[in-house]
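Feature annotations, reproduced from TrEMBL:
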type	residues	note
SIGNAL	1-25	signal peptide
DOMAIN	36-123	domain 'Ig-like'
DOMAIN	134-224	domain 'Ig-like'
DOMAIN	237-326	domain 'Ig-like'
DOMAIN	328-402	domain 'Ig-like'
DOMAIN	407-495	domain 'Ig-like'
DOMAIN	577-672	domain 'Fibronectin type-III'
COMPBIAS	659-669	compositional bias 'Polar residues'
REGION	659-682	region 'Disordered'
DOMAIN	674-771	domain 'Fibronectin type-III'
DOMAIN	776-867	domain 'Fibronectin type-III'
DOMAIN	871-967	domain 'Fibronectin type-III'
DOMAIN	968-1062	domain 'Fibronectin type-III'
TRANSMEM	1075-1096	transmembrane segment
REGION	1104-1209	region 'Disordered'
COMPBIAS	1105-1125	compositional bias 'Basic and acidic residues'
COMPBIAS	1183-1193	compositional bias 'Basic and acidic residues'
COMPBIAS	1195-1209	compositional bias 'Polar residues'
Amino acid sequence: MDRNRKWVPGLGAALLILLCHVTSALEVPLDLPQPPTITLQSPKDYIFDPRENIVIHCEAKGKPTPSFSWTRNGTHFDVEKDSNVLTKPGSGTLVIDISGEKAEAYEGTYQCTAHNEHGTAVSNNIVIRQSRSPLWSKERNEAITVQMGVSLVLQCRPPAGLPPPVIFWMDNNFQRLPLDKRVSQALNGDLYFSNVLPEDTRSDYICYARFPHTQTIQQKQPISVIVLNSNPEGERPPGFMMPLGPASAKMVLRGETLELECIAEGLPTPDISWQKDGGELPSSRMSFHNFKKTLMISDVNEADAGDYRCSATNNLGNAHHMIKVTVKGMQIDSGTGILTCRVNGEPKPKITWFVNGIRLESDRKVEDDTVILSNVQTGSSAVYQCNASNEFGYLMANAFVSMNLQPVVVLTPPNQVYQVIANHPALLHCASFGSPIPTITWFKDSQTSIRNGDPYVIHENGTLEIHVAQPLNSGKYTCIATNNLGIRENHVFLEVKGQIWTNHSSGNETDCSTLSLLNPSLHQIKMTLQFKYCAKCPWQFFVETVASSRCNQRRRGELKWLGGPEMPSVLAEKPDPPTDLELTDQTERSVQLTWIPGDDHNSPTERFLIQYEDLLHQPGVWVNLSEVAGTSTTARLSLSPYIYYSFRVLALNRVGYSRPSQPSRQYRTNPAAPDENPSDVKGVGTEPGNLVISWTPLTGFKSNGPGLEYKVLWRQKDTDGEWSSRSVANVSQCVVSGTPTFQPYEIKVQAFNDYGSGPEPEVMIGYSGEDLPLSAPESLQVMVHNSTLAEVHWEPVSIPSVRGKLQGYKVLLDYGFFHVLTFSGNRSEGRLPGLQPYSLYNLFIRVVNSKGEGPQSSSKTFETPEGVPGPPSFLNVTTSSLDSLTLQWGPPMNNNGRLAGYTLKYQPVNNTNELGPVKVMMFLANETTTTLGNLNSSMLYKFYLSAKTIKGSGPIVTEEAFTVIDTGGSRVHILTVKAFNLTLAVRYIQSYNNPPLEFHSSPSTTPFLGKEDWKRELVNGSHSHTIKGLKPGTSYRVRVVARDPSDPAVHSTDEVLVTVPAVPSRQVDIATQGWFIGLMCAIALLILVLLIVCFIKRNKGGKYPVKEKEDAHQDPEIQPMKEDDGTFGEYSDTEDHKPLKGSRTPSNGTVRRDESDDSLVDYGEGGDGQFNEDGSFIGQYSGKKEKDTHEGNESSEAPSPVNAMNSFV
């Protein structure tokens, strides 16, 4: 803000209140009058699921409560007149029911306005769009055959959805394909192989696309890959598969997430690394993904712009790709006082001012980003909006401006009581508001003024904090809020209570303990109690004083616990600190420490922690030294020389550590020579002619005595010369000058002090400084293998000329752009992958060491032959009719040679998705459109187009299109209807673009009378639809209806009858059911009772003639039979002369039911007899012979009744 700008008259000392989304001058309490402030709104880009209601949020605060209104596409949106739109009570949030309407009708740009008598606030423009999940185009993927070791890309190319789909690769078993450093998925969904192996051979590489909002998943046709081992590709240095070329550019908007991706090929598989030229990567906002192939930086700002280097490295070389990142966008910063809207952005945003949602008129002074308020009256208010926009979007800030003089208001309720436990923090609140902002003062017991400082802290919002409250802090506290318009005070009360604890011993014996309880008013009282264990009664306490909220008075001095028969639960606390620390048995390197444990507070001590303080080297710093078991009270401590020790002990139980004990007396150990030498000794030259020897110094704790220094020794390796040495103190490195270039040295560093030297140090190997290489490679030769691969050979330089550690050779390729390949190690050849076909290259080679690069070799020029072209840039169907389609296409982005022409293949697709015969057409290089005639009407055609050079055809692009439907006046036609899994899949076509379509379905039992009960489902934007929720085993009639807003006629297809298959019922094995087993047992018992009754009757009635015949004729097949009905003759009992009839069981094992009212057949299989009216059993018992069942014969032997029963059961 301009320092010379002055406040305008009229503002005076009044308070200017500014509230916005960036800064806030003062938070106004909601009980004071104020204009609306938007508190909740939907995102600017709102994509909705067409199966769910649309909910557009708009909430605001203000006093009086704001009213809300909406605009859609810039005009007023009357929500009252739309029966599908509801407004949530108390807010402006809209809920739009689209279940029975076309969701597209509610797409558009919405804006919410909140208004009250003090001003108007507006929301962002909210763009409402419907999510979409288009179908995958039909295609037939041919098997891909590659040699082992080459790189490979499997393209996914899903249909574009809204929002974009989530891509993943799976196999036929719905298992995700394993990804690693060699095989990875790019951000665009393609699957990249840095090099293929035989195990990559498979026929089920399937790309899946999941559309988030509709929760639908679509799959691409499986891709088959065959890896051959007949001519495997050899090892090669890295090359980039994506992005191509040596450099690329990336633009990102401010605040968004930057995603940079590099995928390399090579053998062995390259490693990826990232760095930013001239800066560091932001570690707090940076993350790597996809095995470091993707770099993501969140919340991007202008400082993130620059050049990012992606490096791919294996043991044969490395490759680099530079990505230039540009950050664009804008950010609003609002100031206070004079309204200033500071905006940062690229390109520079345009600022527009609004007041209460209306564009600012010229009667107020506006200077670009500043509004100057003049003649503002006290008590007036308004909401100002700053709208900053450029080609990448817009930002809006709301500023509430109110001219008020407000006396003090205390918002905290009066006489509030705060209760806290001792040794815990206490917060006493004093919320207030006023204009000017009031100042807060605290008093205790209405007398003592409280100032900032231990133990009190007064926060900016007026809250008084006591870090560790004690009972003496209890009392009455008064806060005074003051501004120049008045003064207000408020009283609060603090009660600090003691903690609940008890000591007791468990068991059946009587014990006396001291109990500290809290009574209902939380006052602490001490009492002596005696308790005894009783297995059938609650715990009983006999105390001197009666006071407990959980105890009931029985008689004076006796309390009964009401918590149940178990012992009352006891609150555990941290243990008390140990006491009486004592040092004994002192030696040069050890001492004995003993202590007395403190109270464990109902939780046994688990262990003791012993710490020490070095008063000589690190006073005030306590270091952990040792731990012992909780049952120990002594510890033997190992010590170091030249330390001024002081010890303390902490106890630990399940609640936590105790406070530290009081420190022990000081114990000093005597100095001694160092016990060890410095660690991490290195020798590295930083410049030609020097050697820098560095190490990690000993700490004061390890110095063992005063006068600590280091003796540095060095000599050139393999010379057997004398050691050179130098003594240094208080440093961590020593620079040796005058050394030859890059020679190995033996180095060692020894510590010593006033009391002697440390042990003999270990010898390390280091190298003196490097210099740039002297020589360049010679005898360059290039062999071109194909249009994208060449091989270079050279004569390596001599090792002495390298003058450093040989890193490798750097190959520079110049073809209008520079491309750099680095080959690691001492080698004389390397492969150059990823070349551009039909290009002229200049090649140079430099040798590289750790210092840098040597001189450039002489250049070598070579040319790459022609290759196949890239795919055509586009393929579109521009015009369709009944029997013709017009196609238009664009030339390839990369010709890779002289373009010879185009090859167009096309074939029809029938209703069952089967492909018809392929027709092929050739076109010249200058032809980019054609019209195909003599096509079938109402037919889907698939087109394949590729460009070609003399080397062959390049990749294809595909397209699909329908010819116009000839349906006799109908504009929609059903192709197929398939039923599966309680759903109907309907595939249809239409004869004009995007008509609103309805699916009608009805069970076939619906009468064809009058207005039929058709169920409707709306669908748009596809050629198929799935009807769900159908009943199994039911037939349905289906038709598709098209309604064109410009055509009053309704077009309907013929009805299609289809049956949903019935769901097979789950078979239950009744033999394992409990009810069946119980029934069988009951039947067996009943048969046993009937058999016993039968034998009793038989013993009373004598022997039946039937029995005599059975004894005489064992085979029932030769019994006399009546010729007319095949039954036995009638026999009479000699005692009761009752007529009896027998029946013969047929050979098929069945029994005639009309001949017996009660048969064994009723109780089981294979019963051949029957009972007479008196209950006697007169039939035959028969058992099945051990024959094949197809013979149909039964046993002629009559088994005993018991055997008959057993065989029956």
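Here the Cβ of each residue, glycine as well, is placed from N, Cα and C on the backbone.
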Counts by DSSP class (helix H/G/I, strand E/B, coil) across the region 'Disordered' (659-682): 0 helix, 6 strand, 18 coil
Counts by DSSP class (helix H/G/I, strand E/B, coil) across the domain 'Fibronectin type-III' (776-867): 4 helix, 48 strand, 40 coil
Secondary structure tally of the domain 'Fibronectin type-III' (871-967) (DSSP, helix then strand then coil): 0 helix, 58 strand, 39 coil
Recorded stretches the domain 'Ig-like' (134-224) and the domain 'Fibronectin type-III' (871-967) touching, at least 3 CB pairs under 8 Å: yes
Segment-segment contact (the domain 'Ig-like' (237-326); the domain 'Fibronectin type-III' (776-867)) at 3 or more Cβ pairs under 8 Å: yes
Three-state composition of the domain 'Ig-like' (407-495), taking helix and strand from DSSP: 3 helix, 52 strand, 34 coil
The domain 'Ig-like' (134-224), counted residue by residue under DSSP: helix, strand, coil: 3 helix, 36 strand, 52 coil
Helix-strand-coil residue split for the domain 'Ig-like' (237-326), DSSP-based: 3 helix, 55 strand, 32 coil
